[in-house]
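Per TrEMBL, the features are as follows:
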DOMAIN    8-427  domain 'Major facilitator superfamily (MFS) profile'
TRANSMEM  12-31  transmembrane segment
TRANSMEM  47-70  transmembrane segment
TRANSMEM  82-103  transmembrane segment
TRANSMEM  109-132  transmembrane segment
TRANSMEM  144-166  transmembrane segment
TRANSMEM  172-190  transmembrane segment
TRANSMEM  249-270  transmembrane segment
TRANSMEM  282-301  transmembrane segment
TRANSMEM  313-332  transmembrane segment
TRANSMEM  338-358  transmembrane segment
TRANSMEM  379-397  transmembrane segment
TRANSMEM  403-427  transmembrane segment
Amino acid sequence: MEEKKLKALSHLYVTVFMSGFASFIVVPAITDVTMSALCPGTDECSLAIYLSGFQQAVIGIGTALMMPLIGNLSDQYGRKSLLTLPMTFSIIPFAVLACSRTANYFYAYYALKTLTAMICEGSLNCLALAYLADSISDSQRASAFGILSGISSGAFVCATLAARFLSTGSTFQVATFVSMLAVVYMRIFLEESIPNQDDIMTQPILKESEDAIQKDDNNLPRKKPVFKKIPSLGDIICLLKSSPLFSRAAVVAFFYNLAEGGMISSIMYYLKARFHFNKNQFADLMLIGGTVATASQLFIMPLLVSPIGDGKLLSLGLLVSCIHAILYSLAWSPWVPYAITALSVVMVFAPPSLRSIVSKQVGATEQGKAQGCISGVSSLANIIAPLIFSPLTALFLSEEAPFHFPGFSILCIAITLVIAFIPSLTIGNGPNSSDKNSSDCMEV
């Protein structure tokens, strides 16, 4: 049985690697493609910053609504079935820019990326975490989640290295091919994973009411169709209230992803305006950071989980992330961003530790629901982040800044990380799901 589980997880890791590779390989090039289409010949483009921020906010709205739904449906229909849709949709935007990077094609890509990412963004990670939780015991989940993050970081490193030597057009062609290959591989080799609905070791937080059961002609109980059990906003709020630790984890997830979203919407434009970074410099920077993160998640974090605990690893990762953002905001030379990537060895502890804590708060049949709920909270933060940090970045990179501090928006991100760090101190190590008190939340 253990050998069978390891084989199934290896196919999951390959799927995550290929899908991540396809997504990450275009990252170093997309800033130059955007600015070439919108503001050719310049190093500062407020329109590009605002459009990127708007896209990030709209995607956040879509994912905030879709992640709890996708997670809930995966608990019913299985992880593999739900993976197929977002992985297929993600191919379309890459294919557009694989054809051409002119302004018209860019706007087509922009529209399609915005629409498809509402479903695709975060789905792979959410469902992969739920798949792992189906197969791994509570005590091993932090290490397993760390390894999954390490696989993603490894894909990031390999993709960035490939982007360093590919032309812009070839980059999007490779991304299209690999994303298609990932879907085919997943459909052929990955085994379906559906939680054991008869698990009696734990009680579900979102308990179905008796009305959720119908009887057929033979008077045998039969569940209502899944679409009648889609969790409402009230159900999600009840899930958050069901455990004080779960609700604190949601607060940490919100502010951490608010900071993370701020970095995404700001950092490349900040480096391009401040130090005139180009595609290759972006690739080199991400390659160094990704290599450090991969090594840490695959080899260091599994060794620290048992003696330290996922709660302390979470707090440590958040604290070092705050220091990282402060140093970024004060960067006085182009070598500073390269040097502080060394902090990634500790920063990467935060996300898998948080997900491990969340996973321990729910029963075996609710892993998709719980991970989807946290992904929804994270997506809500991603809606707000660009609305705050994109205008702030554009303002302080322009000549109309109230005072000269190009990294002011990055300093505000550091303050946001401090807010996430404070409640993380009270989380500690999450108890096992079997130790929690259940709460009847769902009324159908």
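Cβ atoms are placed via backbone N, Cα and C, with glycine included.
Heads up, TrEMBL stuff is auto-annotated, nobody curated it.
Using a cut-off of 8 Å between Cβ atoms, the transmembrane segment (12-31) and the transmembrane segment (403-427) share fewer than three residue pairs, counting only pairs 6 or more apart in sequence. For the transmembrane segment (282-301), the partner stretch with the highest count of Cβ pairs under 8 angstroms, out of 109-132, 144-166, 403-427, is 144-166.
Sequence-distant contacts of the transmembrane segment (338-358), counting only residues of its own chain at least 6 positions beyond either end whose CB sits under 8 Å from a CB of the stretch, comprise 129, 141-142, 145-146, 148-149, 153, 245-246, 249, 252-253, 256, 284-285, 288-289, 292-293, 295-297, 300-301, 304, 310-311, 313-314, 316-318, 320-321, 323-324, 327-328, 370-371, 374, 427, 429-430. Non-local neighbours of the transmembrane segment (403-427) in the same chain are 245, 248-249, 251-252, 254-256, 258-259, 262-263, 266-267, 270, 273-274, 311, 314-315, 318-319, 321-323, 325-326, 328-331, 357, 388-389, 392-393, 396-397; each lies 6+ residues outside the stretch with a CB under 8 Å from one of its CB atoms. Same-chain residues lying 6+ beyond the ends of the transmembrane segment (172-190) with a Cβ under 8 Å from its Cβ atoms: 8, 11-12, 14-15, 18-19, 21-23, 25-26, 29, 80, 83-84, 87-88, 90-91, 94-95, 97-98, 101, 162, 166. With Cβ pairs under 8 Å as the measure, the transmembrane segment (82-103) is packed most heavily against 109-132, out of 109-132, 249-270, 313-332. Within the chain, the transmembrane segment (249-270) has long-range Cβ neighbours (under 8 A, six or more residues past its boundaries) at 31, 44-45, 48-49, 52-53, 56, 60, 240, 277, 282, 314, 318, 321, 325, 328, 350-351, 354, 357-358, 361, 373-374, 377-382, 384-386, 388-390, 392-394, 397, 406-407, 409-410, 412-414, 416-417, 419-420, 423-424, 427, 430.
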